[in-house]
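To start, the structure under review is shown below, and the notes come after it.
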């Protein structure tokens, strides 16, 4: 990723972090105010899209979680494709450290959560909740430190978060998929074949891809696979480079779409998702509520699991010679970044909605516990990580 692109990206992400915090705070205020009933009612209001026999009716909350979040995953897929084809994940040497760190940051938190909920099969469904990292929040916190943090650490965290997102995509596909509809899957496969055909034929206009992508989203939604995965599939078929008869400076389809989506995802979709899902009523919750297995597993997974997994696996990779230390970074810097990866927020909340998205009466109670655990664990990780990096970088580093 070019340096200027990283700088522009981080400027967006510091603003994104502030807006996401604001959205979460507003959600908490709404859920604990006289407007709490209205807050719940608004997001349960059914909305119908379509015409005649082609109608889709869902509560507003599900349009946000299944529809708008598919656009977020489209952006994630574009970032993954760009980095794998020509960025920070394009060679084994470049990808080694963030890949190993991301694996540790997913495995250890999941094991901690599972160890605390092992006796409850329903609670165990949330094992992947603390395995996620919110890239906008994490990079926003890192950017607050300015030149104290070397650019190599910011690149490392960006690559780690992208691999973490890829892991979340695979988790959703394999572990949070309901019963499947063969016909809908067949139609989705036909859409994928059309998208691949467009790519191979050299089509560089975006509208045919996006039009088929909408149909693909409907097919995936009806198939039983989570609809957000349609965004990832669409992203992988968007052409990366310009054609041979275009100049090197010509706009590339993937870049055009990525740059067009980033502000919408940053300033609209993720804040709306946070506002819709972060509201947790604290009324009647005793101080011991955080000690229940689900919230405790999430808090410990995000705060302890992430730092142990990311830092521990990074230490092994560097000491073994598998990967180099990020340029200009020190061990305590890497530890601070490992702490910041415990900010799961939107991604953890999203996986939580999938884990307990059932008609079981227990799901509502677990939903509250998930939000409580995610907000607490993310806050703890973000604050402590920021303080560690600030103290370890009192003198600004040269970038």
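Here the Cβ of each residue, glycine as well, is placed from N, Cα and C on the backbone.
What you see is a predicted model, and the numbers here were worked out from it, not measured in a lab.
Database features, via Swiss-Prot:
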- 12-32: transmembrane segment (TRANSMEM)
- 60-80: transmembrane segment (TRANSMEM)
- 94-114: transmembrane segment (TRANSMEM)
- 126-146: transmembrane segment (TRANSMEM)
- 155-175: transmembrane segment (TRANSMEM)
- 178-198: transmembrane segment (TRANSMEM)
- 206-226: transmembrane segment (TRANSMEM)
- 263-283: transmembrane segment (TRANSMEM)
- 284-304: transmembrane segment (TRANSMEM)
- 336-356: transmembrane segment (TRANSMEM)
- 372-392: transmembrane segment (TRANSMEM)
- Message: Counting only residues 6 or more past its boundaries, what in the same chain has a CB within less than 8 Å of a CB in the transmembrane segment (94-114)?
- Response: 88, 124, 126-131, 133, 156, 159-160, 162-164, 167, 297-298, 300-302, 304-306, 308-310, 312-314, 316-318, 322-324, 326, 338, 341
- Query: Taking the transmembrane segment (126-146) as the reference, which of 12-32, 60-80, 284-304, 372-392 gives the largest number of Cβ pairs under 8 angstroms?
  - Reply: 12-32
- Item | the transmembrane segment (12-32) versus listed stretches 206-226, 263-283, 336-356: most Cβ pairs under 8 Å | 263-283
- Among the recorded stretches 60-80, 284-304, 372-392, which has the greatest number of Cβ pairs closer than 8 Å to the transmembrane segment (206-226)? 60-80
- seg_contact(the transmembrane segment (372-392), the transmembrane segment (60-80)) with at least 3 CB pairs under 8 angstroms, min sep 6: no
